[in-house]
Each structure stands twice: as structure tokens, then as C-alpha cells.
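Chemist: The following feature annotations were taken from Swiss-Prot:
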- D431: active site, nucleophile (ACT_SITE)
- E484: active site, proton donor (ACT_SITE)
Amino acid sequence: MGVAAVLDWLVQDGERLASCRHDHPFAVLGPQASDQGWTVRMWMPEAQSVSLLQAGEEIAMTTPNHPWVFEAQVSQDPGCHYRVKVERGGIVHEQHDPWAFRGEWMGEMDRHLFAEGNHHHIWQKMGAHLTERDGITGVMFCLWAPNALSVSVIGDLNSWDGRHHPMQQRVGGIWELFVPGLEEGHLYKYEIRTQDGHCYQKADPYGFQHEVRPDNSSVVARLNGFQWSDQTWMQKRDSSNALDQPISVYEMHLGSWIHASADEPWIQPDGTPRPPVPAADMKPGARLLTYAELADRLIPYVKDRGFTHIEVMPITEHPFDGSWGYQVTGWYAPTSRYGTPDEFRAFVDRCHAEGIGVIIDWVPGHFPKDAHGLAFFDGAHLYEHSDPRIGEHKEWGTLIFNYSRNEVRNFLVANLIFWFEQFHIDGIRVDAVASMLYRDYLRPDGEWLPNESGGRENTEAVRFLQQANHVLFQHFPGALSIAEESTTWPMVTQPTDSGGLGFNLKWNMGWMHDMLDYFELDPWFRQFHQNNITFSIWYTYTENFMLALSHDEVVHGKSHLMHKMPGDDWQKYANTRALLSYMWTHPGKKTIFMGMEFGQRAEWNVWGDLQWDLLNYEPHKGIQRLVDDLNVLYKAEPALWRDDFDQFGFQWIDCNDNRHSVISFMRRESASGTWLVVVANFTPQSHSHYRVGVPLSGFYEEIFNSDAAKYGGSNLGNMGGKPTDEWGIHGYENSLDLCLPPLSLMVFKHDPKRSLNSSEPDNIV
């Protein structure tokens with residue numbers, strides 16, 4: 001190439017750089033070998049002068065080809081340690097040359113694994129990484145944007161001007177740039193120039209921290225600086241069967257559990273106040289609690305209640321409070337509403353120290369259309385399908401991931417591993433699984449596309465869920481993976497090698513709807529709907545079910561649990577206690593939403609907080625005591641959880657007394673052979689001398705009674721227990737003559753050490 005051609009080429013490169021249209025800046029910038037030695041070129045928009053500093057010498061750089069392309073001649077390869085002195089706008093500073101660091105960040109194997117969808121730690125390459133290259137500290141930026149014409153890093157480092165830091169395109173649509181000297185806390189985005197000339201500013205899909213809403217820039221954050229203290233917990237978890245334990249989950253939304261006053265900011269460890277994050281518009285002057293404050297207040301509360309796990313509604317970064325977190329824009333970052341990533345790590349660490357597991361809601365089914373997010377990311381439908389018939393949830397106003405694309409699946413599967421590895425979470429609840437499994441979900445005829453076989457099943461999503469669960473349990477065998485799946489899709493909790501989806505728990509939506517339909521009935525009509533409370537047993541062993549009374553049942557005009565109940569206030573309290581008691585004694589793991597544990601009356605509202613003042617009233621305090629005691633009973637009696645998924649664990653005594661709306665059954669444990677007798681009366685009418693058959697003669701201690709005075713009940717019961725009579729009923733030769741309190745549930749335990757002739761105890765219940 002002649003001199004004139006080279007000069008013309010450099011002029012064109014300068015124009016491409018100036019117009020943010022250059023995809024290979026390393027071809028012209030940084031150290032470049034030539035016949036005369038080495039040329040060092042720097043791209044410095046709007047700089048007045050630039051000098052090369054090397055080996056104690058300052059060499060003035062010239063602009064022979066473009067006013068912003070500065071260059072100097074040196075005799076030897078300058079490497080990457082040289083610095084430049086830049087004068088811009090009357091300010092002089094020194095820096096290293098970003099385009100001197102030419103080595104690839106993502107290696108060939110990284111690119112290969114990512115392209116086939118199997119790079120389970122891709123976040124260690126993608127995103128913004130505080131690192132050191134050739135002894136120089138800075139931040140390595142790495143982005144996947146295969147359809148982009150050019151990509152630049154913008155942010156605090158360059159006054160958000162995309163002309164300053166163009167990135168280098170690598171194989172496979174990967175863009176890279178190392179910015180020396182950049183530190184933790186810097187704000188940044190990517191400026192993406194599309195093939196048709198449009199320019200978008202996007203947050204980092206792999207960003208590890210983002211600004212507090214309404215701002216939405218990504219933040220350079222350190223990944224591995226937190227000192228964990230939960231090694232014993234983690235070792236025990238991953239060496240245990242996740243389901244062979246009592247699981248009682250407190251589902252909650254961090255931002256609406258309780259608020260604090262903005263006049264009382266949280267004082268950070270360095271002694272400075274944290275700027276308050278307003279708690280929206282329902283309570284002027286209210287602010288959100290920080291992760292640290294939640295650790296101080298929430299964890300002791302949950303521990304006192306006896307729950308084994310906290311499930312937090314989505315804490316991944318999201319722009320709109322009203323989405324409850326289910327419209328995610330920052331998949332690799334806990335929301336900054338409540339603090340920093342390390343503060344969330346400290347929250348999890350504290351939970352583990354107190355014996356409480358942490359489950360997060362994970363939303364791989366869809367994402368919002370926010371301009372800074374994944375939608376139309378690089379000028380093309382990169383993360384979503386291009387056809388709205390399979391790529392858009394019109395009712396939700398969101399987009400659907402293209403699960404057929406390897407890199408998109410990799411983004412999600414690695415994200416799952418990221419949360420377990422980086423934040424030590426113990427489980428996930430996957431939201432809206434049914435919306436992923438069916439192509440016609442919430443779609444009228446003509447607005448969806450069938451699969452390759454002509455069916456409605458989304459086979460791509462099925463394969464994705466199977467891959468995600470398979471990889472999860474490979475890495476974390478003690479994890480919980482819970483599906484919110486509202487249809488009868490088969491084998492949700494069966495292993496993937498058997499054709500199942502690979503979850504180990506599924507929310508029992510049928511049980512939830514049947515229970516709420518039943519308990520909303522006037523008790524007189526319940527005799528005609530006995531099937532509602534018995535039907536679940538006929539299918540409960542088809543999956544590993546978790547019983548859930550979730551946030552979805554206390555919003556959008558459905559009212560809270562207390563207000564669903566019929567009758568006067570006393571009956572509402574009693575019905576609530578009876579429902580919760582039946583839930584805790586029914587096969588399946590447990591989840592209730594915050595507020596249910598004390599009888600919240602108002603619907604949940606994300607803009608407010610819970611009605612904590614209700615605990616000043618004894619009936620609500622009684623419901624809280626009931627939940628406390630149910631959790632104590634549940635954890636103390638393996639018959640209530642050990643064989644949740646084995647038919648041996650449950651046996652009806654009588655489910656046919658429709659007229660009285662009474663049911664009785666046994667919960668059994670195979671390992672010890674112990675069992676419990678459960679009797680429930682779902683009408684306000686008490687019953688004396690009610691006979692219940694039992695398998696062995698002897699004394700049966702009444703170990704729980706939801707009608708006890710301390711719970712707000714009428715204090716009817718069986719004097720602490722009853723001996724059996726030789727009166728055959730329900731297929732047994734022996735039976736108990738019981739008093740059944742109104743709207744109640746009781747649990748009895750056979751006491752082999754107690755004689756039938758023992759004197760009766762003095763207590764009433």
C-alpha cells in the first residue's frame with residue numbers, strides 16, 4: 001500500500017472513529033509496527049495536545065491525518081506500560097493507553113462454550129471486571145452484540161460521549177476494551193451503533209450493580225471481595241437431601257414489609273448516612289429499609305416465627321416498583337434500592353448464621369421493553385424472538401426470551417449458577433412456568449405459532465428448563481428449585497433423564513384454589529363441597545408439591561386471607577386458624593406470604609407496608625402465636641414432613657362426613673413408625689362425643705388445638721388428651737371419644753408410655 005493510500009486509510013479511520021462507526025480500533029490505535037519502527041496512535045477527541053511519556057522522555061504527538069488521532073514515532077515496541085499526557089479544555093492529566101492492551105479477554109474455549117450455550121460461568125468474562133493486565137489495574141469491559149456496527153463504553157470516564165472509548169470487535173460478536181485506571185463505583189453504559197445508523201444506550205446485561213431507580217446506569221462493582229462465614233451451612237446443605245427436611249417458607253417483598261422514616265437515615269459502617277430511597281407515594285416521608293436493616297429486623301422476626309426459609313420476591317434489578325420485581329432489567333445484580341451487592345451477601349450470610357435458608361424468585365420467562373434493557377439490544381432481536389406471536393406477551397407488555405438461541409440460554413443458565421455461587425442462595429422459585437411451556441398462553445387463536453410438530457407446547461422452553469435444572473443440581477445438589485406451574489403439565493418434578501422438567505418442588509396451585517374456594521363458603525354450604533378439601537390427596541403424590549398461599553392471592557381485589565373468610569370477626573379468625581392448621585398438617589412443604597402469619601386485613605400493596613399495628617389486638621397476636629406453634633410442631637414431628645412425597649406418609653381415617661364437614665387422617669413416618677392423628681371440624685358447630693377410629697389402643701395426647709385460648713379460640717378441647725375405647729369405627733377396633741371445637745383442627749399423638757388408667761390432666765386443651 002502506497003503512502004497516499006495509507007494516509008487516506010488513516011483519514012477514513014479517523015472519520016469512522018469520530019462518527020462512532022469503527023469496529024476494529026486496534027487496527028489503527030495503540031502501538032503499530034511499521035517499516036520505520038513503531039507508531040503509537042492515540043484517539044483523543046477534543047484534546048488540544050497529547051504527549052507520549054516513555055522511559056523518562058516526553059514526546060509530543062502530532063495529528064497528521066485527523067485532528068483527534070495523535071501519533072508519535074518510536075524505535076522499539078513500547079509495550080503497554082507507557083503513559084500519555086493529555087490537555088483537554090485547559091485540564092492536563094496523565095493516563096495509560098486503552099488501545100495498548102491488545103490481548104483477548106475471552107479465549108477461544110470461552111467463545112466456543114458460550115456459542116454452544118454451555119459456559120456456566122460466563123459472567124466471569126462478560127460484564128465489567130476490575131482486573132489487572134500486565135501489572136496495570138483497570139476495568140475490562142466485555143459485551144455480546146453480534147449485530148452492532150460499533151460499540152463504545154460511555155460513562156463517568158468520558159462524560160457519556162461515545163466517541164472516546166470505542167471497543168474492539170472479536171470473533172463471535174464479542175466486544176472488548178480494557179480501560180486502565182478505572183475504579184469501583186464508576187457509572188457506565190454501552191453505546192451501541194446499529195447497522196442502520198441508530199444509536200442506543202444500554203445498561204450492561206451482565207452488570208453486577210446498577211443505579212437506584214429511576215436512574216439506570218450500570219456500576220462497576222467488585223465480585224469477590226466479601227468474606228463469607230457460612231461454610232458449615234453450605235457444606236451441610238450440599239451434602240443433604242433438600243427435600244428430607246421440614247421446609248416452611250416466609251414469602252415476602254423486601255420493599256413493603258416495613259418502612260422507616262426518611263428523617264432517620266441508615267448510618268453506614270463508615271459513619272456517614274446513606275441517602276434514603278423513598279418508599280413511593282403512599283406514606284410521605286417513608287423510606288425503604290436497607291439490606292443491613294432488614295438483616296437486623298427481618299431475620300430475628302422470621303426466626304422467632306419458626307420459618308426455615310425466607311423467599312424474597314425478585315431482587316434482581318428492576319426499574320418499576322409496581323412490577324414487584326418481575327420485570328427485570330439487571331439479571332446479574334441485586335437491586336440497589338436496598339443497598340450494595342455485598343450488603344445483600346451480608347444479609348444472606350446472617351440468615352445462614354441464624355439457620356434460615358434464602359430462596360429468591362427467578363424470572364426467566366420474559367423481560368420488559370425498557371429502552372436501557374435487553375429489548376432490541378444491538379439493533380436486532382437478539383434476546384427475544386423477532387416474531388411477536390412467539391416473542392411477546394401482549395397482555396403483560398413484555399418480551400419472551402428466544403430459548404432456541406444458545407447464547408440466550410447461556411445468559412440465563414449461567415445467571416442461575418451466578419446467584420447460587422456469588423450470593424450463596426439456597427433455592428429459586430421460577431415464576432410463571434406455565435407461560436413458558438405453552439405457546440398459546442394468554443393468546444387468542446391466530447396470535448400464536450405452533451411448534452415444529454403442530455402443537456402448542458414450547459419445546460424450546462422445555463429444553464431450556466431441563467438444561468437449567470440439570471446444570472443447577474450438577475453444581476449445587478442441595479439446592480431447591482421450585483416451579484410455579486399452574487397447569488397439569490406432567491413430570492414437573494421428575495428428573496430430566498426421565499423426561500421431566502427437573503424441578504424438585506412444584507407449587508400446588510390446585511390445592512390453593514380449592515382451599516380458598518372452600519373456606520370462602522358459608523360453613524353451612526361446606527357439606528356440599530367436601531371434595532374441595534379432600535381432592536388434593538388423590539393427586540398429591542404425582543409431583544413433589546409445596547403448598548403455597550402466595551402474594552398472588554392477596555392482590556388485585558382478591559382481598560387478604562382474613563377478609564376471604566365468612567362470618568363475624570370471631571369466625572374469620574377461627575377460619576384463618578383452621579386453614580393454616582390444615583395447611584401445616586397436609587402433605588407438602590409450606591409457603592405463606594408475609595402478613596398471613598398475623599392476620600393482615602388489607603390487601604397487599606407494594607407501595608405501602610404491613611399492618612403491624614394489628615398486633616396490638618389479641619386475636620391477631622393469637623394468629624401469630626398459632627403460626628409460631630405450628631412451625632414448632634412441624635419441625636418437631638417428622639411424621640409431618642419426612643414422607644411428604646411417599647404415600648405411606650398419609651392415610652385417611654374418615655373423609656366422608658360431609659354432613660358435619662369433619663375430616664380425620666393420619667400423618668405417618670416410615671423410619672420410626674410413628675404417626676399423628678389429625679381431626680378437623682370446619683363448621684362453627686362444636687361436637688361432643690365424636691368418634692374417631694385409631695390403629696392402636698392407649699392414650700392419645702392432644703399436642704395441638706387451633707381453638708386454644710392463647711390463639712384466640714373458645715378453649716374447647718379434650719383435657720390434654722384421651723384414652724381409647726374398644727369401640728370399633730372407621731375400620732379400627734379402637735377409637736377416641738372426642739370433643740371437636742368449632743372451626744378447629746387438633747393433632748393427637750399416641751403415647752405408648754402412658755396407661756389407659758392414668759389420671760386426666762388438669763389443662764383444658
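Note: Cβ is positioned from N, Cα and C throughout, glycine not excepted.
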Chemist: If you draw a 10 Å sphere on the Cβ of E484 (active site, proton donor), how many other Cβ atoms land inside?
Modeler: 21
Chemist: Can you name the residues of this chain that are 6 or more positions from D431 (active site, nucleophile) yet have a C-beta less than 8 Å from its C-beta?
Modeler: P314, Y326, D361, W362, V363, G365, E484
Chemist: Going by DSSP, is E484 (active site, proton donor) part of a helix, a strand, or coil?
Modeler: coil
Chemist: Please report the three-state DSSP label of the residue listed as 'active site, nucleophile'.
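Modeler: In three-state terms, the residue listed as 'active site, nucleophile' counts as coil.
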